[in-house]
Amino acid sequence: MLRRHPSRVALTLWLAALLLATLTLTLRGELVTDLQGFAPDPVSADGIALDPGAGPAGRMLLLAIAGGEARERAAASDALVAALEDAPDVAGIHNGRLDPDDPALDFLIEHRYLLSPRVDAEHFSQDRLSEHLEARRDDLASAVPELPRELIPRDPTAQARVVLEQLAASGGQATTGAEGVWVTPDRGRALLVLRSTADGMDLDAQAALIERTHAAFSAIDEPDLQLQIAGPAVIAVDSRATIRGEVTWITAGASVALALLLLAVFRHPHPVWLAAVPLASGILIAAAVVTLVFGHLHGIALAFGITVLGIALDYPLHLFAHAQRGDGEPSGDGRADGGRLPQVARELWPAIALGAGSTVLVYALMAMTGFSGMAQLGLFVLTGVAVAAVVTRWILPTLVPTRLQREGLPPLRLPLPTGLAQPPAIARWGLALLGLAAIAVVASADPFPWEDRLSALHPVPEDQIALDQDLRSALGLPDVRHALLVSGDTPEQALRASEALTPGLEALRETEALDGFSHAANVLPSRALQRERQAALPEPDTLRERLEVASAGLGFRDGAFEPFVNDIQTARQQDLLEPEGLPDGPLRNALEPLLQPRDDDTGWIAWVRLQGVHDPDALTRWAEDAPLASVPELDGVGIRHIDFFRASEELVIGFRVEALQRLALGMVAVALLLLVVTRAPGRSLRILTAVGTGLLLTLATLILLGIQLSLFHLIAMLLITGLCLDYAVFFSRPLRDAAARLRNLRSVSVCALSTLVVFGLLALSSLPVLQAMGLTVVLGVVFSFLAAALLAPEASRRQTA
């Protein structure tokens, strides 16, 4: 029974594959959207992954509350902190308010003598104690004391305030207003800094946090106040939303335009919806295969993959175009062996298989790279193309109503210029001259116009960039682009190295190479420095004697500072602080983004934040000049100047180089495949020449238009390669008569026209990303079609005419 109905077997296998793919994506599907999940790990010489989204600046959201009165802004700032500080996706939120009575700060006050940078032997000298006690006497008489009165007996030298101010400064150098919260220099807005637990490139997590922040502010219910949010994550999330919105409208418009085009050409509704079946099947099964192999599917690989899979739409269009009845041919002319459409599918299968096989071969080489994102893209496309070709061959004819299977479709309504059917001989020479001119244009482009700046591809409004710069300046936050990375075997080594770098960084600040810096050791000193501070603390009896002399005549009662003596004695015996042992609270929250274990658990890294880098070259030279070489115990500690923007560009460059190498290898493999399958060197050469000419003319035109070639132009070129292979394979087919050749010409023309409609709308987009892909594909389709048509065998063109 199965032998008599092979189509039932194919249909059953197809439905089973779709069901399995659906179950796989439902049960195991995970769509990853962060950039580092797609890009290769940019690894430094010492094996540390440098993720542009993992730096401290990449995790920050900058908040400003505008409108209303200063008191209302401060109250809203406090309310926002209270609403978000315990949220699971918030690592910390600060508005500059430091309350010594806050229980979370007790740990800081208890360990102030280990943490304060002012603790040394001189700090507890007779003269300095006298100065401190006079200041405390003034506090008792002041309406606005420098130190809260209840802390004076415990901390007459005000080290708790020093520690709290330093902790606040680790998040920036903002102005504190009269209400006790950070404000802009003009006092017109209240400022906050929110630090996310997620990486800056995890856009789904960042979008959720931004939405949570807006919801928390709305709950405050102050209609006169407005919330402003800035930061790298905000720019990235808004860019993605803008792109998605425009893609949605363009996709809807292109779908309608394509449906109308196919309906006008085929004069029947079935080809319109059936043409989507192979493509949809390929996308679904390809997504499932990638998920099974990699454990997840990256959103960028999915988006690019679907774009490149546009080649799969050509396969059903070829089938329907060749299944038309000839002009004047009566209906009911089906064959006894099953009908016109299945027979056409069998006849076209060698050409479809050759074109699909060539495309699969190119992307198979990409799938074998160690570059995770490219490997996913390669596997997705090769799977989708193979599935679409198979579905076109064995499934699509069975989905067409029986009558249409046997009778075929009505004749195509697609008038073609006579020049296409019989181009003059000079046209081929003209193509050759254009090809040579294109080679000259590409070869003379020096430097080659690659666009490696990701910022050039983002549709970011100028006012959003200005807000980010404004808030960053007002908060005194570190440079979002530059940082120093210190790597050590232990957290102690990384902290000691950070301390040892301070004199060199101060020298750079004096030469105006940078405005400022902060590092993990500002938050938590190394154990060695904590021991030095403990050693500087005086004996209790010595301290009592000095206090007695220093307080004479100031009006303090006897024994007033005994709590101070007790705290000093406790501090002399305290266990030293270590990163792993810090309790949850402000100290741990401030330290975690600056001191982290490596991903492979082989050591630790410490970030040095930089403010206002004016001379990055000087900073790089200083870092490369072994600034730690004079400290023997820090031998082996690495230090690097990291330019996060450059790191992002290197990701793009790495993708481009790898893609071009794989494409070149793929074309060599395709050449060998064509020779083996066709056993016709002449035909193989025509196909490869058409592909090369189409790509060269497209590339040269983009260069002449003054366009910088981005990652998205490259993705479009990959699609053009597949399209041109398809056109060239069909134009080079040995056909039996002129009618068949005319159908072949119309078939390829329908494919090219449908692609032009879709990508022509993309080329009209205002977004650089979509415009780049649309314009490139439109040019590529035109040049590839003309090259393949003009390079068709001479006999074929004469007989077609």
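From the backbone N, Cα and C atoms, a Cβ is placed for every residue, glycine too.
The domain 'Membrane transport protein MMPL' feature in TrEMBL is assigned to 178-400.
Residues or ranges marked as transmembrane segment by TrEMBL: 247-266 (among others).
As annotated by TrEMBL, transmembrane segment applies to 273-294 (among others).
The transmembrane segment annotation in TrEMBL covers 300-317 (among others). Only residues 6 or more beyond the boundaries of the transmembrane segment (300-317), in the same chain, are considered here, and those with a CB under 8 A from a CB of the stretch are 31, 33, 35, 38, 262, 271, 274-279, 282-283, 286-287, 290, 352, 356, 359, 373, 376-377, 380-381, 384-385, 388-389, 392, 396, 715-716, 718-719, 722-723, 726, 747, 750-751, 754-755, 758-759, 773, 777.
The annotation transmembrane segment is assigned in TrEMBL to 348-371 (among others). Sequence-distant contacts of the transmembrane segment (348-371) (same chain, at least 6 residues past either end, Cβ-Cβ under 8 Å): 40, 311, 315, 318-319, 322, 377-379, 381-382, 385-386, 388-389, 392-393, 654-655, 658-659, 662-663, 665-667, 669-670, 673-674, 677-678, 718, 721-722, 725-726, 729-730, 733.
Away from its own ends, the transmembrane segment (377-396) comes close to residues 7, 10-11, 14, 17, 274, 277-279, 281-283, 285-287, 289-290, 293-294, 297, 301-302, 304-305, 308-309, 311-312, 315-316, 318-319, 345-346, 349, 352-353, 356, 359-360, 363-369, 662, 722 of its chain (Cβ-Cβ under 8 Å, at least six residues beyond either end). Feature annotation from TrEMBL assigns transmembrane segment to 377-396 (among others).
The transmembrane segment annotation in TrEMBL covers 426-445 (among others). Residues 419, 692-693, 696-697, 699-700, 703-704, 786-787, 790-791 of the same chain sit 6 or more residues outside the transmembrane segment (426-445) yet have a Cβ under 8 Å from a Cβ within it.
Per TrEMBL, transmembrane segment is recorded for 659-678 (among others). Here the transmembrane segment (659-678) has Cβ contacts under 8 Å with residues 354, 357-358, 361-366, 369, 374, 378, 684, 687-688, 691, 714, 718, 721, 725 of the same chain, all six or more residues outside its ends.
Same-chain neighbours of the transmembrane segment (685-705): 431, 434-435, 437-439, 441-442, 445, 449, 667, 670-671, 674, 713, 717, 720-721, 724-725, 727-729, 731-732, 775-776, 779-780, 783-784, 787-788, 791-793, counting only residues six or more beyond its ends whose CB sits under 8 Å from a CB of the stretch. Annotation comment: TrEMBL describes 685-705 (among others) as transmembrane segment.
Residues 304, 307-308, 310-311, 314, 318, 351, 354-355, 358-359, 362, 385, 457, 652, 655-656, 659-660, 663, 667, 670, 683, 686-688, 690-691, 694-695, 698-699, 702, 744, 747-748, 751-752, 755, 769, 772-773, 776-777, 780-781, 784-785, 787-789, 791-793, 796 of the same chain, all 6+ positions outside the transmembrane segment (711-732), place their C-beta atoms under 8 angstroms from a C-beta of that stretch. As annotated by TrEMBL, transmembrane segment applies to 711-732 (among others).
Annotation comment: TrEMBL describes 744-764 (among others) as transmembrane segment. Long-range Cβ contacts of the transmembrane segment (744-764) within its own chain (Cβ-Cβ under 8 Å, at least 6 residues beyond either end) map to 250, 253-254, 257-258, 261-262, 265, 310, 313-314, 317-318, 321-322, 412, 414, 416, 420-421, 723, 726-727, 730-731, 733, 735, 770-771, 773-775, 777-778, 781-782, 784-785, 788-789, 800.
The transmembrane segment feature in TrEMBL is assigned to 770-792 (among others). Beyond its flanks by at least six residues, the transmembrane segment (770-792) meets 243, 246-247, 250, 307, 310, 420, 423, 427-428, 431, 457, 686, 689-691, 693-695, 697-698, 701-702, 707, 710, 712-713, 715-717, 719-720, 723-724, 727-728, 730-732, 745, 748-749, 752, 755-756, 759-764 of its own chain at Cβ-Cβ distances under 8 Å.
For the transmembrane segment (247-266), the residues of the chain that approach it from at least six positions outside its boundaries are 272, 275, 317, 320, 324, 409-410, 412-414, 750, 753-754, 757-758, 761-762, 765, 770, judged by C-beta separation under 8 angstroms.
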